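Taken from TrEMBL, the feature signal peptide covers 1-19. Under the heading domain 'Ig-like', TrEMBL lists 30-122, 130-220, 234-323, 328-415, 459-535. Sequence annotations record features per position, and here TrEMBL assigns domain 'Fibronectin type-III' to 546-640, 643-736, 741-845, 849-945. Summarising the annotation, TrEMBL assigns transmembrane segment to 970-991.
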Amino acid sequence: MGTLVEPALLLLLWQSVWALDIPLEVRQPPTIIKQSMKEHIVDPKDTMVIECEAKGNPHPIFSWRRNGKYFNVARDSQASMRRRSGTLDIYAKNNPEQYEAEYQCIASNEYGSAYSNKIRLQLYRAPVWPREILEPVVVSAGLPLVLSCDPPPGPPKPETYWMSSSFPTMQAVRPDRRVSMGVNGDLYFSNVLINDSVADYCCNARFPYKNVIQQKMPVVVKVLTTRTVAEAAPTWLSPTGSSSSILVLQGEELLLECIAAGMPTPRITWTKDGEDLAVTSRMKVKNFNKMIQIPKASFDDVGEYTCAATNRLGYIEHTITVKVKAAPFWLEKPTDLILAPEENGRLVCRSDGAPRPTISWSINGEPIETADPQPNRQVSGDTLIFRSVSASNTAVYQCNASNQFGYLLANAFVNVLHATPRILGPRNELTKVIEGSHALLDCRYFGSPFFCHLSFSEPIIIVTKPQSMKVMRGTDVRLECGVKADITTPVTTNWLKNKKISLDESNLVITNVNRGDEGNYTCVIKNELDQKSASAHLMVMDRPNPPTNLELSDPYERTVRLSWVPGDSNHSPITGKMQYDDDDWLPGKWRNLSTYPGTLNSVILHLAPFSYYEFRVIAINEIGASRPSRPSTRFQTSAPDVIPKNLKGVGTWRNNMEISWEPLTYREWNGPKLKYLVWWRRRDSREEWKNATTKWLKYYIYDADTFTPYELKVQAVNDFGMGPESPVVIGYSGEDRPIAAPLNLRVSDIESTQVTVHWDTVTRGSIMGELKEYKVYYWRDSSQLRWHWVNRAMKSKSFPDDVPEPSGTVTNLIPYSNYKMYIVVANNRYEGPPSNSIHFSTPEGVPSAPTSFRIQQRHLDSIYVDWDLPAEPNGIITGYSLKYQTVNATRGEELRVEEFPPNTTSFSIRRYDRYTRYRFSVAARTRLGLGEWHTEESPHYTTESNLLLSLCINTIAYAQDQVDITTQGWFIGIMCAVALIVLILLIVCFIKRSRGGKYPVREKKDISLEPVDDKDQEGSFDYREEERGLQRGQPSIEAMMKRSDSDDSLVEYGEGGEIPFNEDGSFIGQYTGTRRDVRELDFGGSLELHSPMNTIYSLA
């Protein structure tokens, strides 16, 4: 058992020693252990700190270089180095800009010098937007708009966002298909709408270093509105043109953006290298398909990305060529080397990048080419080799790997010394393990030279080498790499593609190969003692790349020469096929023209006369057809022959006129650079025609007289000539406010809910525009019942000018009311001055339904109902009608009707049993008849507890029907307290009654329909009304509220006496039986109103 454990233990100890650092008590060259970032941003208002820490024996001394020259820190009054450290503190109170430079720290002792990275110190400057006055941006509806941001540059680069402010709120601008925030910080509108002028727009920039947000001066957008918004084909806002390119470094963020203008808003789609874009987990499509974000770019992202913008009027494309480069990155970084005299060693500095980095070596900061030569030291590519070292080889060696996009700097020292072995870990350490488990004994020691266990193994032999292949795109490929090696030494297999590590498999399988998989593949077999490799080349045959750079030359009436640059054949001979688009600008309408040998790159095409052409070329090989080339320029030899339609002229202001028309379709352009030639002159005048050329679909004439007729015509123009003129149409300039009011406003045929209105018309000249309508404004000024409050909201009704005589009917009036009215004349933009106001009164009508209808159970065998006046009496109330019928009685009962005088608003009925329910309907009456009915059903009343609960609920409900006091908390509290007291009293009464006592209970009953039994099984009760007591508890009709014509006047209460007020201004009498004065109601008799408080008093 011991012979098996010992070799494993030796191997662990041998591996552990090489992983150790040299102890600090052993003499050694310096090592940089801490330094600032290469790009170091500091605030000059604070202490500017550049870190540099190092270790070594003896302890290193520090010095600095600034812009490549020695920086004397001791002589600078504003800079100092910390004790036993190279960290630099700069207190730049004066002229901090002088310290904005490139710094490098040097740590040295007698065995060598270590160098830090070159640290570029940048000063943070408080970002300030220049103070400027931004003029309002005026744009017509439907046109594109770009609002620039241009934030302060930083450093670092700020994050921008846009806010819209509409007093008093401010909110972020929400991107959508129409509105976009670009990568450069600008705000793009594919087309503007009238709502875009509601708020101001303000660009904000957040600077991450101090988390400071700066705001640009807001810009005001004014959108000019028209009756119709012209549609437009897509055009590019960002980027511009048909192609562009982007260079990005590996690992950096890649943003591809396409924002288009157009009306309707164009839709954006993407393709890559002619195929639909495959969205992977590394990629995000954002901003409503207008942006592709790749957080960390790689070489797989190289290619041509084509964005297409489409709406119903057209289609455009933009191709973005993406190139990926790479700053240097480490494949194998040099590490410190500890050697005994006469030993051999090497420092390896292996890196990669695009382009491939250049490797340079230095000794203690001095280029190795100019350092003292040493015969036992040799540079071999990225490796520094030492043979039979001596103490003179002890130094710090710097490896620099750089290309045009960056650099890498690494320090590694060679320390040649004799050191007696020593134990570094704790001595006499006890390790406890469980029997049968694995144990790791770590013996940490240091010594030079090292002595290691030596063993022998068989060399690696590759028995199956990968074979070079030529395969078609889309197939599967298997590259085998069989190996024979010592079974005691494990081997690893790595595959490299073009010298870059790709996979870690013994056999490499590539499924669905494409052009990106083409290249040299190398399998590398290695163990800790040996390494072997074998290579093979994979060639992928694919359909050819599309031709590029299509050019048209030598144009004649029926021929043109087309030239192009052939694309890559992708390892298969090609032939060519020509396609054309004839008089059709919609995408996907291409037709085949002819086929040519693949050796040609220029042909003469024969065309039909007076036709529009666009060409593209497709390359074909045995694998398939390439994606089509980008279309050629458009070719046409005739002027437009179509007249723009729907020409019209409309004034948008009193002294201007907007001339608009419908656009020509793309197939109607007949040539490039289409424009419109607009003609106008006053009608019935001898002046010459005036004209203007525009590329838009509108043109404005200013300084015109108000509502003046103009003769208009338009024609299309392109680079080949002018098209036919349109027929002359008549348009009118803008309208102004009418200057006269209709006269002799009067009414006739006055009914309770409608009236006929008559007026005299105004002259055409005073309308200052086209007559649109006459508009009557009217409002209810008061009710003929002087105590009744009315709503004086103004209403209006319009009457067009096509009526045979100037009159009209105003409906939906309220009966028995006093109205006021006036009339104005209106054109398409303004209303004129008002006419004289007139007064009229509507006659009586039928009333609305009574309000506050309540059903109460004041006793176990009776139901009490009462109601209030209708919300709209619509005349003098002459009485009430009440209909009722049982709902759930076992025996049927006919519908019964009761008639009441106007002063009676309550009714009580005896139930057959405790479970009988009734349906009640009540309506008010004027001399014209009954009004609306109000219908309700009585609830379930079954027990005495329900009676008490109903009493409390009705009391609170009655309070809620009142005005003002219902919102007072003290009143709700009083009502609940009274209900609680009544509950306690009733409990006491019921207890006493159960003991044999008899107590009279008095309750007011207005009308008794049938005799009531005065006897009860458990006591005697008197249900007869006591008129004197009730009259003392309730005032007569003279106590009702009398309301004056003024909405805010106080009303009188009681019979001429003063009425007390509570502290909150509410009427005490309102809740203690006091009645409003309704003497103005024009009916006699006494009116008794029942309050739930009376019920409580009678029970008490």
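Positions of Cβ are set from backbone N, Cα and C atoms, glycine also.
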Between the stretches 30-122, 459-535, 643-736, 849-945, which one has more Cβ pairs under 8 Å with the domain 'Ig-like' (234-323) than any other? 643-736
Three-state composition of the domain 'Fibronectin type-III' (643-736), taking helix and strand from DSSP: 3 helix, 40 strand, 51 coil
In the domain 'Fibronectin type-III' (849-945), how many residues does DSSP assign to helix, to strand and to coil? 2 helix, 56 strand, 39 coil
Restricting attention to the domain 'Ig-like' (130-220), give the mean pLDDT. 85
Could you count the residues of the domain 'Ig-like' (459-535) that DSSP puts in helix, in strand and in coil? 3 helix, 40 strand, 34 coil
